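TrEMBL lists His135 with the feature active site. Residues or ranges marked as active site, nucleophile by TrEMBL: Cys176. Annotation comment: TrEMBL describes 357-415 as domain 'Legumain prodomain'. According to TrEMBL, the feature signal peptide maps to 1-17.
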Amino acid sequence: MKLTIVCLLALLAFTMADKKTDHWAVIVAGSNGFWNYRHQADVCHAYHIMKDNGIPEDQIILLSYDDVASSSQNPFPGQLFNKPDGEDVYAGCNIDYKGKDVTPENFMNILKGNGDGKVLKSDSNSKVFINFADHGAPGLIAFPTKQLYAKDFHETLLYMHENKMYGEMTVYIEACESGSMFEGILEDDLNIYATTAANPHESSWGYYCGSDAVVQGKNIGSCLGDLYSIAWMEDSDAKDLCDETLSSQFDIVKERTTKSEVMKFGTFDFMDEFVGNFQGTCSAKNPIASFFKGIKKEPTYEEFHAIDSRDIKMHYLHDKYVRTYADEDAAALMAEVKNRQSIEERFSRLRASTGINAEGPVTITDWDCYKTVVSQYEDKCGLDEYDLKYFGHFVRLCEEDFDLATIDGLFAEMC
């Protein structure tokens, strides 16, 4: 018995020697609107995983528009749920940046350690975890009123690397076409491991939707989570994170995320480290975690209703009308049907006018052109979440060297 205690104390001393490593998390929900319930529920769930696994609250930075819990559509005011009959993830979820402060500029400044608000104060010994949940399109992820382009995000990551703001970093992104944020962009020597919900050319999926979105006998009316996000978070909930590697979690998430292709990018050299080294405060290869491994059972998962992220708003409005048959809900549903038809017809006319091919993957090489065309379109036509589905058209216009003035004129005619 004495020998066992001595051995454990020795292991503890070995572990405590790694005091210099600290752990940071930056978590973002980039959407608003009750039909996007899942994103704000996802990030509050992620917040609790980080906190429960030892990351101090002042080293978790959360950005969320925060309009869903207080929405008049919410059957549980002031609460959010990320799974059927799950726990309220909004309780104790401390949001640092809300409403109009949820912007790409603030996000990048937080990562760079700039600003008077809560920002990263990490160093070369830090383990940094970044999680983003929202909509996406080729080469960008969406914020409530603006977009973050892969090029700008990459430049921010390079800044962090050059200024020694991390030792190792993991990035988990939930968005349509999220693989385009890293494919052909993220180098393999920056000590950044990134994983995405989808490849560069496909949608991600909402989860616990429709008849499955039930809590305490009440249907929430919108998807409770996203398939990829649910996959990694429910795995993290179920496992001893000081005994599960990043590689193991990737394999589990990839297998469970059946509707899209989960991808990985960047540096794979540290994928044998524990998940808890990034989603918590385990030291890499923590001997005590290994000593006490195997406490939790392997979880089993049922199949639940999933919906393509591009179609969730339509399902939300349809289901709401079916529940109420109210005239205002019928009007909202018909308005969305007409909106989608208008967008589809608009891009059909664009294809006819330019002869661009809408099929197959796209690769962005002219970022300045792409940004300009998106800005031109938004200025002339406005910007709806459903427009993001067709942003590949803008990439093709740029890659086929269409004149920007000509494109602007086409948008003026279309809209």
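Start at 1 and count along the chain as shown; that gives each residue its number.
Positions of Cβ are set from backbone N, Cα and C atoms, glycine also.
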Measure from the Cβ of the residue listed as 'active site, nucleophile' and count the other Cβ atoms within 10 Å, all protein chains considered.
28
Looking only at the domain 'Legumain prodomain' (357-415), what is the model's average confidence as pLDDT?
95
Any idea what DSSP makes of His135 (active site), helix, strand or coil?
coil
